[in-house]
Amino acid sequence: MARILITSAIPYINGIKHLGNLVGSQLPADLYARYARARGHEVMFICATDEHGTPAELAAAKAGKPVAEYCAEMHAVQSDIAKRFGLSFDHFGRSSSERNKALTQYFAGKLAENGLIEEVSEKQVYSHADGRFLPDRYIEGTCPNCGYDKARGDQCENCTKQLDPTDLIDPRSAISGSTDLEVRETKHLYLRQSALKDQLDAWIDSKTDWPILTTSIAKKWLHDGDGLQDRGITRDLDWGVPVKKGTEDWPGMEGKVFYVWFDAPIEYIAGTAEWADANGLDDAAWERWWRTDKGADEVRYVQFMGKDNVPFHTLSFPATIMGSGDPWKLVDYIKSFNYLTYDGGQFSTSQGRGVFMDQALEILPADYWRWWLLSHAPENSDSEFTWENFQASVNKDLADVLGNFASRVTKFCRSKYGEEVPAGGAYGPAEEALIAELTTKLRAYEGHMDAMEVRKAAAELRAIWVAGNEYLQAAAPWSVFKTDPDAAAAIIRLGLNLVRFYAVLSQPFIPDASAALLRAMKAEDAGWPGDVAEALAALPAGHAFAVPEVTFAKISDADREAWAEKFSGTRD
């Protein structure tokens, strides 16, 4: 049994997330966490809301609420939606927690102690129209590198190049759109990432198993242009972690807060400490996951995120960890994702474009969405959500293949033998061939899941479902029953065991449907199959079952058209 630490990029507090956010981090992280638990590993799965920075301040102002109150309410909303989507976090924390505040200040103090913090007088953009300094991400303009006209002052989302606001061509306030901007002098703390460049470069080179998407972005930031730059880690804002050197005041930094991208990744650690607190455990309980001098050297740490978060997780956060000089656990594997697009354009939280998590659940249960999103995960390139594709995938994969199989087998058994596994007959060459085929496919499925190859795993799982359907069609128990009820009983006995087998294997993808099938099979305690032949004999003759409710309903053309129309504009 291994110990696996899993973190998902933490979502901003400023509103309910769309399906593109979900498939880029939380959902594949949940898939892996559920699979790892099913295989018997000890798992710690941490996520949180990212509550600091200008987005939180602006969203609270728009809602007419104090920012702390707004964040508390939105955390509750996001937590509830996550539960309804079946996201199995061990803890869903808050970056505004006291734990994160203390840890962020602690790391800053250690970095300063080690000569890796520099005080810099710099010029920062002030917006007269907004009456405030503008954080980097709230200045928009044209990227000097690729010409994208909605580049932000910290990074171009189009080419991923790291930017400063003064690099932008024709800059404007992202808040008001005003171009009445003035550059003023202010003092900030910088993390001397450049001093750790060689160490970071060597560390990334050692990660030969990382996805190309992850390493290529990290290398670009390390070597393009002037190479890795020092990074400002403080801001002139009211809301955030107050700047302190450990527990001491930091002269000249009064009234400033740490940059959201400095404190947000530290919340992975703080969130684990919050988990310990919530469960009445001492610090040793969370330190064994994070301190290599206290047991974390045995932990495999995996992070999930969208590609726009890669630079901060491959460079800035590791620089914080390395620079502290303390024995903290560094990430072992970063699984990054491209973007999910929506009917030819971008999903957008700020513009309200696309389908959002709460809206999705108003239409259909979570498993419909989980299956489509994971089986179309944007791993090697961007993926596009279309209502036609969604309908086809749900109807063919979930309704026609998996749901139809469970329905046919259980209903036929009930009509001919009653609601218990029938006795009689024995497995023959066809059944042995199916067991051999499923053994090969199960090992392939496990291999893809171990490697976090999400789309390949989904395709293999579907192939496992299809194999059972093809067997049932060829074996034709409805015909065999007329002349040899015992032989038909053996076919149906295998079929009922296949329903149980499928439910166990499908649980990481579609947990609610899997749980319903296992309840119907009265096999809630079913564990991951080691041997396929044993798994397909797990329900013996005489074992009671119930015919399950419709596992997945088909999506009609009328529904598809209505939803496409409903979500063709932007959210209010």
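Glycine is treated like the rest: Cβ placed from N, Cα and C.
Values in this document were obtained by computation on a predicted structure and should not be read as measured data.
As given in Swiss-Prot:
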- 11-21: motif ''HIGH' region' (MOTIF)
- C143, C146, C156, C159: Zn(2+) binding site (BINDING)
- 346-350: motif ''KMSKS' region' (MOTIF)
- T349: ATP binding site (BINDING)
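Overlay of Swiss-Prot annotations on the structure.
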| residue | record | Cβ within 10 Å |
| --- | --- | --- |
| C143 | Zn(2+) binding site | 21 |
| C146 | Zn(2+) binding site | 12 |
| C156 | Zn(2+) binding site | 24 |
| C159 | Zn(2+) binding site | 15 |
| T349 | ATP binding site | 19 |
Rounded Cα-Cα span from T349 (ATP binding site) to C159 (Zn(2+) binding site), Å: 20
Model confidence over the motif ''HIGH' region' (11-21), averaged pLDDT: 93
Zn(2+) site, defined by C143, C146, C156, C159: further same-chain residues with Cβ within 8 Å of the Cβ centre: P144, N145, G147, Y148, A151, E157, N158, T160, K161
Rounded to the nearest Å - Cα separation of C143 (Zn(2+) binding site) and the residue listed as 'ATP binding site': 21
Structural state of T349 (ATP binding site), classified by DSSP into three states: coil
Counts by DSSP class (helix H/G/I, strand E/B, coil) across the motif ''HIGH' region' (11-21): 3 helix, 2 strand, 6 coil
DSSP three-state assignment (helix, strand or coil) for C146 (Zn(2+) binding site): coil
Where C159 (Zn(2+) binding site) falls in three-state DSSP terms: coil
